[in-house]
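Asks: Sharing the features that TrEMBL gives for it:
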- 4-383: domain 'DZF' (DOMAIN)
- 51-79: region 'Disordered' (REGION)
- 59-72: compositional bias 'Acidic residues' (COMPBIAS)
- 378-405: region 'Disordered' (REGION)
- 378-388: compositional bias 'Basic and acidic residues' (COMPBIAS)
- 403-472: domain 'DRBM' (DOMAIN)
- 473-533: region 'Disordered' (REGION)
- 477-486: compositional bias 'Basic and acidic residues' (COMPBIAS)
- 504-514: compositional bias 'Low complexity' (COMPBIAS)
- 530-565: domain 'DRBM' (DOMAIN)
């Protein structure tokens, strides 16, 4: 649980996060544009595939043929084999949309279109021309489609508010594979083939494309932060800081996401948003981005790579100094200055509970266009019968408690007639495991005494004596009669266990069968012929017995339990 000392920091961070978080209308516009484009690209892929089959074109390379043959021999599914032969293999969300890190004013979205071979200008033109036709068939919304051959991309703009721009980058894993082969040959580093690979950060694109072709992620964590709610919130707040403060601008993007994930993910307990932000500032203030620091390992590269390798010495020193200053402000309760907001009042007005709280972790639902794995199966309807929920058990307990109130016992009646009576303990006899208490009470100069296995029972017996002396009903007759009926039914249903007859020292309470006398018999402890408690003797003879509670009845003043062994 988050520590209480960071409650004020949590309030400020969450208030800032709410201020920079996109509105519901903006998120719906992004979701609609992305989903429409994904469906249209799927239709374009089907159309191109049909055109190639009709034309008898077989543009597969030998490597692709070998991969497809091996897959068919292994008995892989036909859909996977067919996907390998398609010109357009799939579309993937990247950047802020994929990671759920959109802020207010983030109007530029990105998708990656994975091709089987290196993308060409002819392919780009064919996809862009048919994309407009497919979008018109899918939705009534109007989109402007622009071809950017120099960037190997297709740009889509909507015609309504908010003005969104979606860039579809065409690429292929073949480019990376050829570059790795040529680099291994000793010819030195080659320039990327397309400007798309030249202008984009390498860790974000090619490993992502490769993981899509293998149907499982390689070592890519486009941020493992999705499992850490506070981590996603801190990343969004620090993205806003990178926009406001030029010193932090070099950390924007992938380095910032890795820094937050590694700082918060290595904590030994869950942290609130305020404490998580302070932990990130502490890591930066410790000097990990300095030239002699440890740096930030990039998990997307095969070889050890520093994600902040592009920073120069001055930028590293400025970021470290700024983080130290921010940490100092946070330690002295001035986190609002770091966040660029006014301080919040010490006592916030209570807000009405929202029935549908906002889920800050997931902004845009995942795409189902290319989904091959089924979602989690829904809960079975008859599952409640097999394992009733805790809520249902609580309801049952409440219903059991809502029984008609029981009649008052003798002690309650006497206290109602003679309030303020003082009951005194006269003596305590018998062994430790089976004591006998004798209680007394004085009423109008007369003293009444009675015994019982507990002080409560002894007081009850004293009250019975007093009421009988006054000629009033004790309330025990009806209970004893009902108890006799219940015990008769139980003996018919339950098997009878034969045991040695216990030696009973009776001081029993008067019943309907026994008329009251001057000396009222009272219920004493039940002992066996060896003078022991029956439960103790049974446990000595049969160890490990389990006693189970079958039912519980009666009000709080008169509980009755039925046990089974």
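Cβ from N, Cα, C; glycine included.
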Asks: Average the pLDDT scores across the domain 'DZF' (4-383) and report the rounded value.
Replies: 78
Asks: What does the DSSP secondary structure composition of the domain 'DRBM' (530-565) look like, as residue counts for helix, strand and coil?
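Replies: Counting residues per DSSP class in the domain 'DRBM' (530-565), I get 8 helix, 11 strand, 17 coil.
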Asks: Within the domain 'DRBM' (403-472), how many residues are helix, strand or coil going by DSSP?
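Replies: Output for the domain 'DRBM' (403-472) reads 24 helix, 22 strand, 24 coil.
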